[in-house]
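These features come from Swiss-Prot:
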- 286-312: repeat 'ANK 6' (REPEAT)
- 382-403: repeat 'ANK 9' (REPEAT)
- 481-501: transmembrane segment (TRANSMEM)
- 512-532: transmembrane segment (TRANSMEM)
- 653: active site, proton acceptor (ACT_SITE)
- 749-760: region 'Calmodulin-binding (IQ motif)' (REGION)
């Protein structure tokens with residue numbers, strides 16, 4: 001039995017030896033009385049264990065000389081001596097200063113630290129061990145600022161990286177640790193604290209003024225730069241409260257630029273909230289604003305909402321739009337454009353964003369830039385237009401696609417005649433064709449068919465500029481009516497058409513028309529015209545608004561839409577606050593059966609002498625008078641599309657009864673004039689001479705397979721009935737809200753019968769676009785199709801502009 005016992009003990013010893021020779025084990029000192037003492041230092045003794053042929057290091061407990069701990073058991077005497085020397089050098093300050101060290105778990109941790117970090121001082125080890133009493137030992141205090149280790153870091157660096165605020169206090173208060181000492185990477189304790197997770201450590205460091213707060217490491221980063229790079233928003237806040245400087249140059253500029261480069265929105269917002277001037281700061285290297293560094297739509301939108309200059313240029317002359325196009329960031333491009341970025345600004349070498357988009361072969365981006373006003377024939381410093389650059393693209397398929405795209409809006413890819421370009425470079429060029437009535441005298445400006453500048457020479461020829469600028473003071477002898485269809489976000493099509501008319505005429509829409517009628521989205525635009533909001537501004541507003549309003553699933557929350565309307569028109573603005581032009585919005589009174597059409601007016605409703613359709617019902621409240629009607633509520637009521645938004649009180653969307661408000665508007669004008677005559681004010685009545693009706697785009701006609709609804713007799717017929725009911729329901733809704741077809745035919749016929757010039761402008765769209773579409777690419781494509789429509793119908797636009805400008 002003794003043999004087997006010794007065998008088990010031997011196997012156990014061997015197993016422990018091979019498993020972990022440095023496993024700390026509590027022992028009795030008496031067990032080693034028969035072993036030879038090889039070396040002794042203080043409480044540490046190295047024994048030679050002859051029976052096991054090992055060298056054991058024993059730490060005798062200072063509190064009890066009969067007990068101790070075996071720190072290691074090694075087979076090699078040389079290894080044992082080396083480790084004994086290291087242990088005897090590092091251990092004494094710990095067991096001399098704290099009884100907590102005299103536990104197996106603590107000693108094991110300390111042993112592992114000593115072996116893992118042989119270059120560390122006792123103070124470094126004390127930081128990782130985390131026992132506060134140890135920092136009162138004189139030897140640990142003496143090494144508080146030591147950098148003698150592989151990283152060159154001080155114990156304070158380690159405490160900050162570890163995030164141990166209690167140890168940090170011990171180092172600063174008792175050991176007088178310096179906070180501006182740098183490691184091998186040039187980093188101070190502040191850099192280490194930023195990389196940790198405990199902001200309290202950073203707060204403690206920041207209580208005392210130190211150059212380390214703004215120290216730049218070898219990568220050129222201050223602690224604030226590093227916090228922004230890592231997305232540590234709370235660390236950024238603490239650093240700023242500790243007066244960290246925001247104007248220290250780093251590899252990517254100032255800290256705000258670093259936050260933008262790494263798309264750390266929270267950090268950028270924190271810097272701007274603490275120092276609003278940082279939103280306009282330009283980095284010394286590139287002269288770029290924070291907006292130039294925006295890599296996604298969210299970051300760009302955040303800056304622009306806080307007032308960042310959208311057209312700020314870098315040292316090279318490029319705007320943020322140039323950079324976004326060069327980087328193929330379509331989402332950024334759309335945000336910049338919708339916040340008013342100039343799509344035609346020349347940048348480095350005179351290249352506009354469109355020049356750069358052509359070179360990137362990005363069709364969506366090209367369309368977006370042209371839709372937002374980029375000129376296809378503006379030359380750069382080398383005399384190259386975007387269209388000419390498209391003709392030079394090496395890839396045949398790409399070249400053909402680009403040229404085909406640009407030709408649809410009248411772009412000329414030939415090299416233009418430009419002043420300042422050498423004659424040998426432009427001798428083969430021919431003058432660009434001008435789509436105007438007088439082709440013998442092309443204007444001295446570059447052509448932009450998309451913005452209808454080909455029409456501007458005509459309007460200038462007919463009216464000098466000083467007359468155009470004073471048109472609002474002229475007395476027209478006839479009235480002009482503008483009618484705007486409903487269609488949700490497709491109101492962008494109306495905006496694009498109005499921009500074209502304004503560009504061609506040189507006159508704001510408000511001054512071209514005496515009456516404006518609108519339904520739903522058309523009603524919102526009618527109010528925008530009334531309140532002198534530019535259509536370019538409204539285009540951006542619509543792109544921004546859709547993301548705020550159309551969130552989640554239908555029906556959408558009404559709050560965001562109402563907040564948008566209040567923001568744009570004012571919370572307390574009344575309909576009658578602005579009197580010209582006269583505006584009417586359609587709404588549907590749904591508190592009665594059958595429902596009735598209601599017009600929200602900025603003038604008193606005309607008195608109509610005719611028998612009422614229904615007997616008066618005392619349970620039905622009369623509508624609010626125009627003088628008391630809030631503008632935003634009128635817009636909300638006109639746009640309360642069923643299934644998209646909840647009703648606004650008793651009002652539903654006006655599109656249910658008048659999605660194309662032309663005939664209703666003409667009827668209203670007739671009744672208004674008749675009322676004026678009855679009241680003896682016939683001299684104020686002016687005959688309606690022009691009606692302009694703008695649509696939100698015609699959806700393509702598609703075949704319908706079945707609208708049959710019947711009692712099914714089998715599962716197949718049930719499926720057929722369900723499908724038929726769905727198609728029939730869609731057809732009923734489309735028929736009720738159809739703004740084209742017979743509605744247009746009736747309006748045109750009535751106008752012709754009474755001698756009114758009628759213009760219906762409504763582009764054919766390539767696909768059916770929903771009222772709540774939020775995809776930028778889809779909407780840009782719809783506006784592109786609108787631009788193509790404008791170019792193809794330029795003669796009709798010419799005629800319209802001529803008539804609108806006539807007195």
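Glycine is no exception: its Cβ is also placed from the backbone N, Cα and C atoms.
Counting only same-chain residues 6+ beyond the ends of the transmembrane segment (512-532), those with a CB under 8 A from a CB of the stretch are 476, 479-491, 494-495, 498, 501, 505, 538, 565, 568-569, 573, 578, 580-586, 600, 602, 631, 634-635, 638-639, 641, 653-655, 658-662, 664-665, 668-669, 686, 688, 692, 694, 696, 804.
Sequence-distant contacts of residue 653 (active site, proton acceptor), defined by Cβ-Cβ distance under 8 angstroms and a gap of at least six in the same chain, are 486, 519, 520, 587, 588, 638, 639, 640, 641, 642. Residue counts for the repeat 'ANK 6' (286-312) under DSSP, split into helix (H, G, I), strand (E, B) and coil, are 13 helix, 0 strand, 14 coil. Mapped onto three states, the DSSP output places residue 653 (active site, proton acceptor) in strand.
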